[in-house]
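Each remark here refers to the structure printed beneath this line.
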Amino acid sequence: MRRKGNPWLAVLFWTLLSFLTLFPIYWLFVISVKPAVELFSTPSLWLTDLYWKNYADVLNNSTLRGYMLNSLIISSGNAVLCTTLGFLACYALTRFDLGGKESIFFWTITNRMAPPAVFLLPLFLLMTQVYRIGDFSLADTRIGMILVYCTFNLPFAIWTLRPTLDGIPKELDEAAYVDGASPWRVIGEVVFPLARPGLAVTLILTWVFAWNEYLLAATLTNFNARTLTTGLSEYVTTTGTNWGIMAAISVFTLIPALIVFALVQRHIVAGLTFGAVKG
């Protein structure tokens, strides 16, 4: 007979964990709605008068709006490209008998084993010197940053989608081929609908990875493709730090990710558990 644990201990544990997770976000919002004078006085954990000027300054700043647009375009382009290429690559690796298939899966993830700082110099030289045509180079361009992020996120996409495609019976493909379907029709009408939960998870995670990334964006962009996360550093100067503006920008970086997660939460749960149980 299975013994039941104390439900109050579980409630206490998850309450404490939720507090530790949500309190930094709450404190970030508190800082964002306080004037600079109050931030350097005795801090208060409670919201009193809401000071919205920090948010107004961010929205009225055309440079920050440009950074936000860059972040949306780069993150979305990276997510779509990684998910599409990862899906096609994973389909080939799971459906066809390729020699050294397991080795391919292993080596695709090797660039995730090293810290991104290791790749900064090679990537900088590639984007400024090698991939250059006349005065044009991939450095400080949106397409350049999409390709850079895809380099790191595509292996993750392949590994995330592998359990999903392994969980789809190959007999469905064979039945479609018997009915005269082409390979692309099998992919689009048989495999793709069943793989949507896993594709949703991959799309969201690769989007968030690119949206939150700082190091590569700070190194490989200057102004034209600068992202919102790198814009935070512009408010840390030798004369002081504008904590209210930085907190407001940080809140703006949280909002899109929270909205996306809320909209596709059902698909994320389904995708993470897809293929976990067979039989």
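In case you wondered, yes, glycine gets a Cβ from its N, Cα and C as well.
All annotation found in TrEMBL is predicted automatically rather than curated by experts.
Per TrEMBL, the features are:
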- 68-264: domain 'ABC transmembrane type-1' (DOMAIN)
- 7-29: transmembrane segment (TRANSMEM)
- 67-93: transmembrane segment (TRANSMEM)
- 113-131: transmembrane segment (TRANSMEM)
- 143-161: transmembrane segment (TRANSMEM)
- 243-264: transmembrane segment (TRANSMEM)
Range from 7-29, 67-93, 113-131, 243-264 with most C-beta pairs under 8 A to the transmembrane segment (143-161): 67-93
Contact set, same chain, for the transmembrane segment (7-29): CB under 8 Å, 6 or more residues outside the stretch: 45, 247, 250-251, 254
